[in-house]
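Going by TrEMBL, these are the annotated features:
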COMPBIAS  29-39  compositional bias 'Polar residues'
COMPBIAS  151-172  compositional bias 'Pro residues'
COMPBIAS  481-493  compositional bias 'Pro residues'
COMPBIAS  719-730  compositional bias 'Low complexity'
COMPBIAS  754-764  compositional bias 'Pro residues'
DOMAIN    61-137  domain 'BTB'
REGION    1-39  region 'Disordered'
REGION    145-174  region 'Disordered'
REGION    246-295  region 'Disordered'
REGION    476-498  region 'Disordered'
REGION    511-533  region 'Disordered'
REGION    707-765  region 'Disordered'
Amino acid sequence: MSSVSSPSARIAIPHSDSLTSPSRRRSGTSHSMELTPRSTSISPIDLQSHLYASLLEARTADVALRVSGTWQAVYRLHRVVLIQAGFFRSLFTSGFVESKPKTGRHFLGQDEIDIVFDDRNITRAAFEVCIARLYGGGPPLHVSQSLMPTPSKPLTPSFPSPGPQPPLPPGHHPATPRFLLSLLATAVYLSIPSTASQALNAILSSIGPHTVIQYLNFAIGKPIGNPHENEPVAAIGLENLAEKIQDDATSESSTSIRTTKHEQETELETEQMSQKLDDLDIRKEDPSESSSDSFEMVHEYRNDGAFSHYGAVSDKIGEATACWLARWGPDILPYEERSGGDAFIPVDIPPILHPSQVEETSSNVVIPAVWARGGLNHKWVRALISSDALFVTGERERYDLAKCVVDLRRRSGIDEEEEEEWSRMFSTAIYYLHMSLDDIIALSRDVSPITGRPYVPLSILQAAHWSQSLLRHQITAKPSPSSPVSPSASPPPSREKDLGLAVTTADILSSLSSSSSSPLPPPQSTNQPSGDDLEKEKAYHYIPLDTSLRLGDSGGIEGTSMDQLFELSTHITDPKRGSRLVTSESNFFGIIAERQLASACVASDPTGKSLWSPYPPFRFAVEFWDVDSLKEKQRLHSRTIWYAGSLFNVYVQVVRKKGVQLGVYLHRQSSIDPIPPSSAPSLPATRAEHMRDRSHTLPYNIPSSASAHSMRFSPSIHPPSRSSTPLSSPIIASPSTPNSATYAPPGANSIPATAPPVAPPQPYRDPRSTISAYFIISCASATGAALTRFTSAPDVFSVSQSWGWKSSSLRTEEYLEVGPLLEESVVPGGREVSLRATVVLGIV
């Protein structure tokens, strides 16, 4: 068929003003009629229908896009519609050759432009949906409910046993995880923020056992892979939009020319976007350059050119998947253990289902690989095991989890690169200092049945025991004139509350300089590490400032601009100094523990003012059930733990002073007062009765975006209200006398339920009435894909004093269970909606 030139005929259309000019009005009557533009113009709906029909029927198109990538086709489109997308707006209006009248090739009367997509994540179906959205149409997207976690089924309805899949609604396009990732990649590439934000929101809302690794791989730059079986190639309802390319020779010649120009434009855009992202954040120097035990991310898949990263959009997905893994990773492991042919379920890792329910899981069910090979790589395993946000009860449970993961992977064969990572993990990721002597002795005798070697080197355990003894000596040897069991009437001097454990970066630098300038050791000891090497290899733990941030938050994403989408992974960590944390793969999207060697401490802090501790903090996890049933100012306590001679627990309470807020507080428990009972899951029958009784009295629903306005486009939140509980504040929900009625033994008809109080062993007591400690409380969302982290600089804790925060971002519809969720969540199949939090606590 020969090329048809553009038509030259013109059609005269009267200007709209002529319809309303006085000369057009009817004369000789007492009534005049004036037609305004509003009354004579077509409706927006009719205009949208007209444009979409023009797309489907390829009418009056003025440009033909010859697309080459994972597919090849020609699309006849309209410039005036395409320029809504930033990519086409730049192409047609920014002085490129495509924006000028054409004298060369034409395709059925339209200017033909070659578009080469070198990004393999851009697929035909996603491209066609993006184009259709510019025309105001396209098929609705259907995300399977089996992939959507809910408060009653936080691991999705399809886990561990997938049920029957409901049929696809007519005219809908199946929004599989692969398609959603492709749609996001395509919308970001074409710069269509509305479609990109909708795709991103759908991805963040569908993170679960079957999707978390796929989404994480996308976040770190891996390609989306091949389509699944029965996945449509073209967008539903748009199968005839693409026209096959007939002239292969012309296509190859044209594409090769366009590829060079496309790559030049892409490099320019990438450079501009990279510069823009650099302006948004303050980056620390990578400690891996000087730290032997630091994380070094090596991307073997980047060498083949398949690496695709979408800036902060990818990092936001990485945040959400990292948060999910930190919350649910330990719960997934028992299923992987069983699917690997080992029916053993670690008793120290409480699964979300009871062990009996895990046993009933069909052996034919395929459990997705998370910890096993094919899931997380070995560097991510180490980062997750070492993370402060990992939901494990304590360090012994962290060790048990690490051991199970290593054994699971070793059963698939020994990998030398993994073995090196496991050695670093068992040496640095677990704080053996906070284990009992019995546990340390047990670990020294724990030998791998596969390798026949201990998991932990004896020297590591001996060093931990030595540090444990040093810390005890520093605490118990301090003179204290005041009583340890009663609050002090006046603030004690700084030398009493502080142990002097904190050091500045300048102090560390001075120690490094002193050790490097010391004389050489005598000849007989030259085989031993020098003082300089020992000081450089000494580990320190960062003492934080007062900050708060939200990781993985999906609130307020829809309707954002491209600029706002590219600010999603930037978090303000110090409002006074303007410091920002940029979550990325290099810091495992914000979940990596703040442990650095001396040389890395100096490299990361040019000011020399940051504070560090040579002792690792105490880490523990807490869980609260039926938070939605709390009355105002009623407290619900966690279990009580012992650390460095003091007792601590965490409690939550509802505050209605400024709307409905949930407060979370760290409390220094008196050693002579009774231990409060801790939160426990209620019996299903009790919960069902409770929900029926209060179904018409539940408080109004608060959307997840009801926190501060700054959370709309950025996960950073305004510093929430932080307060100290008065020393005389009564414990309303957790009484200290047997006569109170809020303690509920097993089977009692009480919500929220509590377990009998258990006092932890106390090897020794801190004689000081007042101590100084920093702490971090990280609260996971109900479905696990977001995390709110509250961080406190060292504060004074007197006996029976609490410090914490209250925020509306913690009390969302995820925990309220109002509306339609009530009926289906009364008996949630053995699962309980709970608020999980991890705590980091360090004395100074």
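Every residue gets a Cβ built from N, Cα and C, even glycine.
The structure displayed is predicted, hence computed values, not measured ones.
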Given the compositional bias 'Pro residues' (754-764), its same-chain partners at Cβ distance under 8 Å and 6+ residues beyond its ends are 436, 472, 475-476, 636-637, 639-642, 645, 647, 671, 674-680, 734, 742-745
For the compositional bias 'Pro residues' (754-764), the DSSP helix/strand/coil residue counts are 0 helix, 2 strand, 9 coil
On the domain 'BTB' (61-137), the mean of the pLDDT values is 86
Per DSSP, the region 'Disordered' (145-174) contains 3 helix, 2 strand, 25 coil
